[in-house]
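K.L.:
This is the structure I want to talk about, given as C-alpha cells.
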Amino acid sequence: MRILITGFDPFGGERVNPALEAVKLLPDEIGAHKIDKLEIPTVFHKSKDVILSQMKRYEYDIVLAIGQAGGRYELTPERVGINVDDARIADNEGNQPIDEVIQVDGNAAYFSNLPVKRITEAIKAQGIPSRLSNTAGTFVCNHILYQLGYLQATAFPKIKFGFIHVPFVPEQVTDKPEKPSMSLETIRIGLYAALEAIVESGEDIKVALGETH
C-alpha cells in the first residue's frame with residue numbers, strides 16, 4: 001500500500017502551519033506501507049494541481065490531506081467536502097472566491113471514503129482530543145477535500161481519500177490567548193494513530209459520533 005499525506009504551507013499571516021510541520025515529522029513507512037509527504041500551497045485550484053501531479057507519478061491507495069483549523073482544540077477528521085468556495089480571507093496568491101462552484105460537473109458534496117469514525121476513536125485512544133467534523137469550512141481545506149472526492153469519482157476510482165484538521169500550536173497563540181493550541185508532538189502522535197487505523201482496516205465502525213447542531 002502506498003500513502004500520500006499532504007500539508008499546507010502557512011497562510012493568513014501565520015509563520016508556520018502545524019499541519020505541514022506535523023506531516024514532516026511522520027515516518028516514511030508504517031508497517032510495510034510507504035508514506036510520501038507533500039507540501040501543497042494554500043491556493044485554490046493550484047493545491048489540487050500539485051496533488052494531481054504527484055498522483056500521476058505514483059499509484060496511491062490512500063491520499064490524506066492535513067490542514068490547520070485555528071480555534072479548534074481537537075484533531076478533527078472531516079466527513080464531507082462541499083462544492084463551494086466562499087473565502088472569508090484571500091488565499092496565498094490573493095484569490096478570494098465568493099460563492100463559486102469548485103467543479104461545475106461535480107456532485108454537491110463528496111464524502112470521505114476513509115473510516116472516519118475509526119480514525120477519530122483511534123486518536124482518542126491515545127489520550128488526544130478528537131471529534132468527527134461535519135464541516136471543513138469553505139476555504140482551501142474544504143476545497144482540497146472536495147477536489148480529492150472529485151478526482152476519486154472521475155479519474156482515480158481505487159483511491160481512499162480524506163482530510164484531518166489540526167489545531168494551532170502554542171507558538172501561534174502567544175498573541176491569541178483565547179485560542180486553544182496543541183503541541184506539535186501531540187499532533188504527530190494523533191496523525192500516526194490515524195494512519196494506523198487506516199491501514200488496519202478500511203471498514204468503519206458503528207459508533208454514535210454525530211452532532212445535534
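Glycine is no exception: its Cβ is also placed from the backbone N, Cα and C atoms.
Per Swiss-Prot, the features are:
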- GLU78: active site (ACT_SITE)
- CYS141: active site (ACT_SITE)
- HIS165: active site (ACT_SITE)
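Are these features on the surface or tucked inside, and what touches them?
P.N.:
Other Cβ atoms within 10 Å of the Cβ of GLU78 (active site) number 25 in total over all chains.
The Cβ of CYS141 (active site) has PHE8, ALA65, GLY67, GLN68, ALA69, GLU78, PHE163, HIS165 as same-chain neighbours under 8 Å, each 6 or more residues away in sequence. Annotation note: CYS141 (active site) sits in a helical segment as assigned by DSSP.
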